[in-house]
Amino acid sequence: MPRHGVSPGQGRPRSGREQASDRSLGAPCLRLLWLGLALALALPNSPVLWSPAEAHPLPTQGHPAKFIRIAPQLQEAFGWWNLTCPTCKGLFTAIDFGLRNQASVAWVGSVAIKLCVLLKIAPPAVCQSAVQLFEDDMVEVWTRSPASPVSRVLFLTDLHWDHDYLEGTDPNCENPLCCRRDSGPPPASQPGAGYWGEYSKCDLPLRTLESLLSGLGPAGPFDMVYWTGDIPAHNIWQQSRQDQLRALTTITALVKKFLGPVPVYPAVGNHESTPVNGFPPPFIKGNQSSHWLYEAMAEAWEPWLPAEALRTLRIGGFYALSPRPGLRLISLNMNFCSRENFWLLINSTDPAGQLQWLVGELQAAEDQGDKVHIIGHIPPGHCLKSWSWNYYRIVERYENTLAGQFFGHTHVDEFEVFYDEETLSRPLSVAFLAPSATTYIGLNPGYRVYQIDGNYSGSSHVVLDHETYIMNLTEANEPGATPHWYLLYRARETYGLPNALPTAWHDLVYRMRKDTQLFQTFWFLYHKGHPPSEPCGTPCRLATLCAQLSARSDSPALCRHLVPDASLPDVQSLWSMPLLC
């Protein structure tokens, strides 16, 4: 990665009080020096001296009421007036990890001297002498300090089990879903559906899901599992309630069999109901209600969920619980924001009172000092405009409480960055959109593992990194081959991210805007290692990058810096990308 110096003179204008403080920093500056050193070590590939090439600059104006106060030298060098409390804790977790991986005291000292000089904490001779005096003791103390634990969270989404998948059938039939008993044989010149799955509009046989769950060992162990729905296949024209319940109970039993005592926290997908996307609000009673589905879910998931979570699940398909001290998990029923849910013609703003309930849960968490993870199926940027904009506003209000957002639905590997509403420039949260287990359409099977600041007092519970695992269908379907699940990539290592916080993902988008090679890497991983044969040219690339910035729907201003020479309607037209589900 390219490295660029950061001038201490850059940034917002400095007050007389701040200028005066330069003359009386004394011993606190040594502590700040070691803080800067720790950051440099924690991010060995992207130290504090580095800023991502072509990144759109963040705003120079801060919001002091929301952020910690630090010395003006570090503010000007690092832009830390944008540092939230969760961000701070996440960085210190990275600091600890980085120092434990740097064994050379001499190298540590050399970086500290450079930082001291760069930040003008003291004259060069004083920097060198002070660092050499303290370096042995500081490194020894830090390496002997207790390490913060890291949790591994398995994330499963869009399993899409096809009960009627049949090897050898036509993978390119005329129906919306192929590789099935009713697909017929393929043309004589083309191969039929593979044993483990197929790169086409096909879902998965049960054996592939069994292989996924039985082969999790190298990716584990796991502290918990987030499972965000879409259990049945895409044969939506011929599904009955009995079919949906069979899929629910069969796959739930499979998850319990292979994950055993690991707690699993599900969310409701849009394919769980029939007709697909049909989720009436709770005030619809009788046979047209979703009672048949929520009741079955409560019965199937009862071993994982406490009584209060089961109560709200039965009412509206959403719930909250505390998986560990200091962390609250909120599972949303995102079908109440779906563009395809025709029941929302009655009320599209907050049809189930779910957003109001969400605010209550977030406020309670804030009052208790807890952090929150939100899981759901449909990502907020794909929701109806009114719901999406209200959710966006809620995320900003509770940015210091909300530690993570996790969604699925799109089947591909992407994310959505949230910004402050005043300037639409300061990244304050990121929703991770994990790739699907299913191959639909033209993908390798896959799953995600999140590394999260672990279970200890004061944990930030933020995402530290994530890993994606796949089965290569080409290899697995070879005669005599056995399926093999392997690590496709780690996010921070592959993209050169300093951390997994919102600003890092913002910067990645703007690096990919000009770095076509980096974008091609993203495009390859976006499709779980099996991109389409058609190249992704400039319109495709800009539309894809725009989607990563669009955590609220119908908001072209979010992409205004991505395509600065285009009008807002032109930017909005870039979003016309086909969905995979």
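Numbers here mean position along the shown chain, with the first residue as 1.
Cβ atoms here come from the backbone N, Cα and C positions, even for glycine.
Annotated region 'Disordered' per TrEMBL: 1-22, in sequence order.
Cβ neighbour count for C116 (disulfide bond): 25 (other Cβ atoms within 10 Å of its Cβ, all protein chains included). The disulfide bond annotation in TrEMBL covers C116-C127 (among others).
The domain 'Calcineurin-like phosphoesterase' annotation in TrEMBL covers 152-412.
For D158, H160, D230, H411, the entry in TrEMBL reads Zn(2+) 1 binding site.
With a 10 A radius on its CB, C173 (disulfide bond) counts 20 other CB atoms from all the protein chains. According to TrEMBL, the disulfide bond annotation covers C173-C178 (among others).
The annotation disulfide bond is assigned in TrEMBL to C179-C202 (among others). Here C202 (disulfide bond) comes close to D162, Y165, P171, L177, C178, C179, R180, A193, T439, Y440: these same-chain residues lie at least six apart in sequence, with C-beta atoms under 8 angstroms from its C-beta.
Feature annotation from TrEMBL assigns Zn(2+) 2 binding site to D230, N270, H377, H409.
What TrEMBL records for C337-C383 (among others) is disulfide bond.
The domain 'Sphingomyelin phosphodiesterase C-terminal' feature in TrEMBL is assigned to 442-550. Note on the domain 'Sphingomyelin phosphodiesterase C-terminal' (442-550): mean pLDDT across this stretch is 96.
Cβ neighbours within 10 Å of C536 (disulfide bond), excluding its own Cβ and spanning all shown chains: 19. TrEMBL lists C536-C540 (among others) with the feature disulfide bond.
Residues or ranges marked as disulfide bond in TrEMBL: C546-C559 (among others). Take the CB of C559 (disulfide bond) and look out to 10 A: across all protein chains shown you find 26 other CB atoms.
The DSSP breakdown of the domain 'Sphingomyelin phosphodiesterase C-terminal' (442-550), given as helix, strand and coil counts, is 44 helix, 23 strand, 42 coil. C546 (disulfide bond) and C536 (disulfide bond) are 14 Å apart (CA-CA, integer value). Just so you know, of the disulfide-bonded residues C127, C178, C179, C383, C540, the Cβ with the fewest other Cβ atoms around it within 10 Å is the one at C540. The Cβ of H160 (Zn(2+) 1 binding site) lies under 8 Å from the Cβ of D203, L204, D230, I231, P232, A233, H234, H271, S436, A437, T438, Y440, each of which sits 6+ residues away along the same chain. With respect to their backbone Cα atoms, C173 (disulfide bond) and H411 (Zn(2+) 1 binding site) stand 21 Å from each other. The highest number of surrounding Cβ atoms within 10 Å, among the binding-site residues D158, D230, is found at D230. Neighbours of H409 (Zn(2+) 2 binding site) among the recorded positions D158, C337, C383, C540, C546, C559, defined as a Cα within 10 Å of its Cα, are D158. Put simply, H411 (Zn(2+) 1 binding site) is 18 Å from C546 (disulfide bond) when counted between their Cα atoms.
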